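The next block holds one structure in the form of structure tokens; read it before the comments.
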Amino acid sequence: MSNQVLCCVVLCLLGANTVDGGITQSPKYLFRKEGQNVTLSCEQNLNHDAMYWYRQDPGQGLRLIYYSQIVNDFQKGDIAEGYSVSREKKESFPLTVTSAQKNPTAFYLCASSIRSSYEQYFGPGTRLTVTEDLKNVFPPKVAVFEPSEAEISHTQKATLVCLATGFYPDHVELSWWVNGKEVHSGVSTDPQPLKEQPALNDSRYCLSSRLRVSATFWQNPRNHFRCQVQFYGLSENDEWTQDRAKPVTQIVSAEAWGRADCGFTSESYQQGVLSATILYEILLGKATLYAVLVSALVLMAMVKRKDSRG
């Protein structure tokens, strides 16, 4: 590798930038069966001459796969075996994983710079998992656990816990929604999913997240809390022969309603709303019937008066 490229790698590891909209990669998550070819796209609109592809494995630093300094020219990096690239246009530098080998989830990053000796700008990355059998894919099971009374009484705070378990691969995004709107304040999510059985390569994963609100907010039974997990699984084109539902890309959610401390729960609140609605409909029906009866009596009186005058 040239000294210029080595310099760029050092700059990258010490602190490179990301540019919103400047460099795009797709897809964000990808899952493939062992032996298949996989192409990852990278586009940049920064008018940069140099472009790069890196791979990061769990617990390791970035490793250079390929780099290109001009159109129709590219050079191998440290781990070019099993990969191919092309640079037909200045703004595009696709990477193909040829005959993908089984491996834990790897993170692929595309970068660009004005020239090879300049600071590099990175895209958002692509997470790729390769497995020997698609039957290993499972969507998550999601549950929400309500706050403890001890926490509420001692701290006047309420922490809801969301637990997503039993999913593979670890291609998930977790979010909290309160009364139909996504929230970020008070949210603390694990940095990354953890293996349920660390010794197994194809172990399923789990992920937890916490949402902390005031006790008063939790004790309002009109407040609705939802934990949403976006799972990136198989596509519609992937072959599936198992006797369970195909684990396609999907959203899995769990929810909870605020719970008052005076016996007024979300269930009783909803039941009260239903009862009030029914009572309103009954009263409205009675009022309508009464109006019809009064109108009929008035009409009869008018007819009778007309007959008496005749």
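Note that Cβ sites are derived from N, Cα and C of the backbone, with glycine treated the same way.
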Cysteine paired with CYS227, where Swiss-Prot records a disulfide bond, from CYS110, CYS162, CYS262: CYS162
Bond partner of CYS42 - disulfide, per Swiss-Prot - picked from CYS7, CYS8, CYS110: CYS110
Between ASP49 (peptide antigen binding site) and CYS110 (disulfide bond), the C-alpha gap once rounded to whole angstrom: 14
Three-class DSSP secondary structure - ASP49 (peptide antigen binding site): coil
DSSP-derived class (H/G/I helix, E/B strand, else coil) of CYS110 (disulfide bond): strand
CYS42 (disulfide bond) to CYS227 (disulfide bond) - Cα separation in whole Å: 32
